[in-house]
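Visitor: Input: one structure, supplied below.
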């Protein structure tokens, strides 16, 4: 078919309707030839990839034919099932063999004719391209003619109405109406021009969309044939570079709204002109007295008739503009979606296929020659020339940067002295402040900034008006400037005696270790980001980039060593959080994984991951800095509050006359710096949760653009399961992406169960007036719910649905119910404790012979800290089935009973009065219920009394008993009331002479012996001890015979 001949410009007098009809015909033909071009592209791709596909089919067919021949020769089935072949099975295998033979013969003929097929595809493609180009040119010519005619008509209308207005001189009614018509004609002219612009933009977007759709079809077929090959990677890289970056018109929606609004106003004016005569009468009636001339009626009607035609044309034009605007808006959205989808496909495929050949022995042998060639190809001279040319071309842009750098270099000494002054103020409340640490960080940043500014200056100069390697070198300098700024600033903050040690109060040994490691890590990162920047901007050179691969291999190994070393040193802290350990292990192991990826040829993948790894290091450094800065701010605030309270106490003491004469204000003013652990733990917890949330958002922002490549893992099926039953049953595959999703869900559930209850307690529950222990019960149950939902979601993602799991759970429940009934009983008891709350955190309880304070309630057991500070683990079942005494469940008031006996003959009324007075005077004893005293029994040697008092807190019991007993002893001694005690007689028999001695313990103020009783002399403690020792020695001496 001959190519379309060029279309000549239509005649100037061709009607507009005819031109629009011809344009519609051309556009229909253009759509048909674009479809043919797509078919030719598909044919050409199929022909070019046909040999690989045919070879694969031929190889598979030959293997199958050989297997069939072996089975027919042996007469038995292949594999483990070696049954004899029946006649029907032999016929089926023979038919299959002949079909494969015919199919292989066809594939061989296709291979032989493949060059002719490629020529045919090229010819059809060229023909279609010529036709499409010719038709597009013809459409453009017709569109230009249509635009010229529309513009000419609009201009004629504008000119005619301008002449009419010129004829109606003055400010009268006709002049105003003529001006209105002229304004409408001007708007019509602008609408016509805008319609032409929208039409051209629609054509351009349509061409771009068509090109992207063709590219998508071609790429899909290439991926299906060349899956996993280096050749496919090269093709995709070229397609990725050529992919346009369309931008949607953000103001198009507003323009559509404005057009609709103006159309509404136009329709209102058209409704007014449905009866021109009546409207003219209204205008004449509303005109001023001097303008209401009946002779103006006819000219006014003419103006209104012209306005009606204008409004009709303008309405049609606006309808066309609105249609083109909506079409353009939809086309741009579709273009963005198609471009994003194609970009995601390219990124996903390039990420998961090797871009280079594996690093084998042949690669190592070729390294010296490749390095020499690559070094020789670096444009050192042109880069320097381009840098100098860029600096000379824009002196007003670069001179300020250079002057700032020189100024910062000149002020380095002053900034260091200022830093030392700030460090010296830390810890002294009169000199320390909240701005010391931000100012110190800023000074360290300014000390680092000159080198980064010079590197960025060179990068900007090379990137301006540069192409190829110079632009790549400019991008490398920009990335090096950023890395230097971040790591060198962090290195300065970790200087011994610097911000980390003095301001943040980090451990000295850890700070010094981080200081050593960070300097080396920063140098490695500077080299690595330079390689990544150059390689990403020259993807066509990835296959021959030996220098970049070597630098990355060395850099990855060094980074892994430094990061793992830093992690091991950090683990010396007291119980690091699981999140810190996980992040540290991930950062330490990722460079090792990148080494493996490079060795297998995944250079492009390693570049992408390296950029995200470096960005992650930036985020972690900034996050750690923000954490230290905010914790330091809390410490300064707590320090200042503590100082203010100390000053207030001193002033109060001075006002009461109890302040020491030699006290000095400075002794209170310079309070030692508070330990960070003394800061409000609630504020620290909220701060850490906020920082962790910010870290999660930042890490998501860093890695978000690579999340689309994970969809590639949907193609890797791990196993399948059957979903549904009967006619709705179907096989659902579980891919590697599902497994990763399940792990992510489990990790999120773990983090939520660990942090969300604490966050809820800090933000909500702590502000509510809840009973003691209620907040703990709520947060504990919430954590259990989160864990349960997380487990169910994880299993559901892996295909383990409840309808399959319920029978297993039921069976396990029965079996475990018998085997682990105690554990299940404790589990249920734990739930009962959390719901009914017979005991709460902080309650003082007694169960059996264990008394103490409840410190932790878990699902299986409860921890009680006794009064000796020992932790007792009590199973939850004991609290439900046993007898539990909760001293502080509803009321903390308890009764204290003090028993004492006075000697016979004591004044009972005086005793009663003294005991009640002692109870009333004690501040720990409550007046309601009031103290009670009872004379209960006549003892053997005492008159037994019992004093009953009540105290508010359980901690007041022993203190009240101590204070009351001491006061009883003092007041009874003053009143002469004796506290009697039992008399004890001790008989000691001497084994040596067989005599007995009576020892009687007699107090110093004991009453005299009654008549008729034998009293012995008082025995001192030393004499008693001597006699006891003699008796013991006698017991150890064996008796002599004959006695």
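Cβ coordinates are placed from backbone N, Cα and C, and glycine is handled just like the others.
All annotation found in TrEMBL is predicted automatically rather than curated by experts.
For reference, TrEMBL lists these features for the protein:
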DOMAIN    4-163  domain 'Mechanosensitive ion channel MscS porin'
DOMAIN    395-719  domain 'Mechanosensitive ion channel inner membrane'
DOMAIN    780-821  domain 'Mechanosensitive ion channel transmembrane helices 2/3'
DOMAIN    823-888  domain 'Mechanosensitive ion channel MscS'
DOMAIN    896-979  domain 'Mechanosensitive ion channel MscS C-terminal'
TRANSMEM  393-410  transmembrane segment
TRANSMEM  439-462  transmembrane segment
TRANSMEM  468-487  transmembrane segment
TRANSMEM  518-535  transmembrane segment
TRANSMEM  547-568  transmembrane segment
TRANSMEM  580-604  transmembrane segment
TRANSMEM  616-635  transmembrane segment
TRANSMEM  686-703  transmembrane segment
TRANSMEM  739-763  transmembrane segment
TRANSMEM  775-795  transmembrane segment
TRANSMEM  807-835  transmembrane segment
Visitor: Mind looking up the mean pLDDT for the domain 'Mechanosensitive ion channel MscS' (823-888) in the predicted model?
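Guide: Average per-residue pLDDT within the domain 'Mechanosensitive ion channel MscS' (823-888): 80.
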Visitor: Among the recorded stretches 439-462, 468-487, 686-703, 775-795, which has the greatest number of Cβ pairs closer than 8 Å to the transmembrane segment (739-763)?
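Guide: Ranked by Cβ pairs under 8 Å, first place goes to 775-795.
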Visitor: Go through the chain and flag residues at least 6 beyond the ends of the transmembrane segment (616-635) whose CB is under 8 A from any CB in it; none is fine as an answer.
Guide: 434, 437-438, 441, 482, 486-487, 490, 493, 499-500, 503-506, 521, 525, 583, 587, 673-674, 676, 679-680, 683-684, 687-688, 691, 694-695, 698-699, 702-703
Visitor: Relative to the transmembrane segment (468-487), which of 439-462, 580-604, 775-795 accounts for the most Cβ pairs at distances under 8 Å?
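Guide: The stretch I would name here is 439-462.
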Visitor: Below 8 angstroms Cβ to Cβ, which residues of this chain, lying six or more residues outside the transmembrane segment (439-462), approach it?
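Guide: Apart from its flanks, the transmembrane segment (439-462) reaches 383, 386-387, 390-391, 398, 401-402, 404-406, 408-409, 412, 415-416, 418-419, 422-423, 470-471, 473-478, 480-482, 484-485, 488-489, 492-493, 498-499, 503, 625, 629.
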